[in-house]
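**Student:** Got a structure for you, written out below as structure tokens; questions coming shortly.
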Amino acid sequence: MEVEGALKLVGEMGVYQIYLSFLLAVLLQLYSATEAILITIVGVTPPYHWVNDSFVANGSQRNEYGGQLPAEGQHQYLVFDGNFTSIVSEWFLVGGAAYEVGVSSSVYFGGVLIGVICFGQLSDRFGRKPVYVTGLALEVTFAVMNALTPIFSMFLITRFLVGVMNGGMSLVAFVLLNECIGSSYWAIAGSLGSMCFAVGIAQFALIGYFIRSWRLLAVLVNVQGAGVLALSLCIPESPRWLYAQGRLHEAQESLVSLGRRNRKKFTSFTLRPRQKDSTHSANIITIYSNSILRHRTLVMMWVWFVCSLVYYGLTLSSGDLGGDIYLNLALSGLAELPAYPLCMYLINHKRVGRRRSLAGFLFLGGGSCLLIMLVPVKEGSGPLSVLNSQTLSLLGKLNISASFNIVYIYSSELYPTCVRNLGMGVCSMFSRIGGIIAPFIPALRSVHWALPFIVFGAAGVSAGLLSLFLPETLNVPLPETLGDLQVTSYRRLETNGELMLHRHEEPGAFTNGSSEEEEELDVMMESQSLL
């Protein structure tokens with residue numbers, strides 16, 4: 001038998017797989033979230049004022065970058081008035097140097113992009129577990145170095161390395177978990193990880209509220225990472241990866257170990273060798289030379305880019321909405337939680353589906369951001385304006401989180417099996433580019449306080465409009481080959497209990513109405529009518 005059949009014997013989601021889910025989808029995501037949004041707290045600018053030599057107070061910090069800062073007269077010293085420290089107060093990242101805070105976030109997301117590209121190939125060659133464990137160990141190491149570095153340039157370097165490890169390690173951990181459980185539980189595991197990432201944002205805000213030293217905070221959050229690393233040393237290698245490598249004996253041992261830990265009683269089984277795949281390998285030219293795939297890919301690249309840009313942009317802007325930064329950040333994370341069950345319900349509803357759900361959430365997310373510019377923010381206007389800004393920002397975060405969750409599922413259904421991984425990889429790359437740009441958007445407040453939200457809103461609405469040009473994939477068979485894209489698709493429509501053919505034509509599709517395709521559709525419809 002093959003791995004999928006063996007997993008049904010040993011348990012698709014038994015006691016031990018629940019433990020693996022808790023480790024890789026809960027604890028690990030709680031830790032990953034803290035590193036992903038670290039800069040939202042350690043990069044906050046405390047209140048400060050300038051003083052000159054004759055009015056220097058004890059404990060004030062000399063401005064070593066005075067030439068870059070807008071000082072007046074003989075002002076040579078900065079006094080930070082906040083009750084917390086950050087990289088801004090550590091290295092005087094104010095005035096002309098304020099942009100470097102955004103740079104520190106961008107280099108992190110640049111590292112994530114590199115990590116996603118490299119770690120996938122490394123795990124395919126050397127295995128899921130060793131690459132995941134090594135990546136997690138290096139991430140914890142680099143993160144501690146990041147907290148202890150004495151100079152800002154070294155802070156940027158270690159931040160980049162943390163991004164490489166976090167992005168790559170998280171991807172491999174996700175694959176490892178999915179390959180140890182039954183395929184029917186993949187969506188649940190993915191949604192669980194997304195929800196715990198959101199909780200991790202709120203958790204980081206809570207820790208930051210009590211620990212006001214940025215160095216101590218950056219060190220202590222890695223205690224959780226070290227704990228996950230210790231527990232990860234004893235997890236098994238992916239049986240699916242071992243099977244794909246032809247290491248049948250080791251794959252069988254891994255499956256038997258899962259069964260024992262699940263306390264399952266099962267008869268012995270033997271894995272048969274994997275059949276060679278005769279399909280040719282695809283490349284990026286395959287996608288862009290096909291008119292249908294090219295159309296879908298261009299739209300999805302923009303949608304992924306916007307989802308990442310707005311998601312991380314709103315998260316990083318949580319401190320710019322007034323009120324308590326820790327409360328804003330915690331609410332920004334918790335606001336995501338309702339998004340996941342809501343979008344899972346809507347995308348499977350026959351009257352809504354994938355396309356309308358994605359477009360609707362993007363419209364609502366973008367519209368919420370655009371409405372912020374209508375909220376009056378004037379001195380003495382009262383707390384209502386701040387409350388409205390916060391509420392609309394949280395509503396935007398909820399909707400864009402739902403869009404982000406949908407786009408993963410929707411994208412995988414738009415591509416044929418022969419190019420699915422490649423297509424998802426291209427879209428994911430543009431998502432990372434959105435993350436790299438996101439830290440710089442909040443800086444547009446210096447031009448106009450509402451400009452960042454106008455950018456987020458316009459991007460969200462434009463992505464929603466473009467997504468309407470994509471086909472619906474709910475209850476539509478997944479395409480296996482490029483040829484399947486040319487065949488008129490069918491969908492199960494519950495109208496008086498009968499099945500009806502739904503023509504689905506896209507720009508660039510070739511509908512030559514060949515008798516072969518019509519015969520194939522007739523056979524499929526007749527077979528379905530017997531159900």
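Glycine residues also receive a Cβ, built from the backbone N, Cα and C atoms like all the rest.
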**Student:** Among Asn58, Asn399, find the residue to which Swiss-Prot assigns the annotation N-linked glycosylation site.
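**Tutor:** Cross-referencing Asn58, Asn399 with Swiss-Prot, N-linked glycosylation site lands on Asn58.
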**Student:** What same-chain residues lie close to the transmembrane segment (357-377): Cβ under 8 Å, and 6 or more beyond its ends?
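**Tutor:** Long-range Cβ neighbours of the transmembrane segment (357-377): 303, 306, 310, 314, 339, 343, 346-347, 385-386, 388-389, 392-393, 395-400, 402-403, 406-407, 410, 449-450, 453-454, 456-465, 467-468.
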**Student:** Counting only CB pairs under 8 A, let me know which of 100-120, 137-157, 161-181, 216-236 has the most with the transmembrane segment (424-444).
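**Tutor:** Stretch with the highest Cβ contact count: 100-120.
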**Student:** Does the transmembrane segment (191-211) come near the transmembrane segment (387-409), with 3+ Cβ pairs under 8 Å (pairs 6 or more apart)?
**Tutor:** yes
**Student:** Who are the long-range neighbours of the transmembrane segment (450-470) in its own chain, taking Cβ under 8 Å and residues 6 or more past its ends?
**Tutor:** 295-296, 299-300, 302-303, 306-307, 309-310, 313-314, 317, 320, 355, 358-363, 365-373, 377, 393, 396, 399-400, 403, 410, 414, 441-444, 507
**Student:** Looking only at residues six or more beyond either end of the transmembrane segment (161-181), which have a C-beta under 8 A from one in the stretch?
**Tutor:** 7, 12-13, 17, 20-21, 24-25, 28-29, 32, 35-36, 107-116, 118-120, 122-123, 128-129, 131-132, 135-136, 138-139, 142-143, 146, 189-190, 193, 235-236, 238-241, 258, 432
**Student:** How many other Cβ atoms are found within 10 Å of the Cβ atom of Asn83 (N-linked glycosylation site), counting all protein chains shown?
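**Tutor:** The Cβ of Asn83 (N-linked glycosylation site) has 8 Cβ neighbours within 10 Å.
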**Student:** What same-chain residues lie close to the transmembrane segment (137-157): Cβ under 8 Å, and 6 or more beyond its ends?
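**Tutor:** Distal contacts: 35, 87, 91, 93, 100, 103-104, 107, 165-166, 169, 214-219, 221-222, 225-226, 229.
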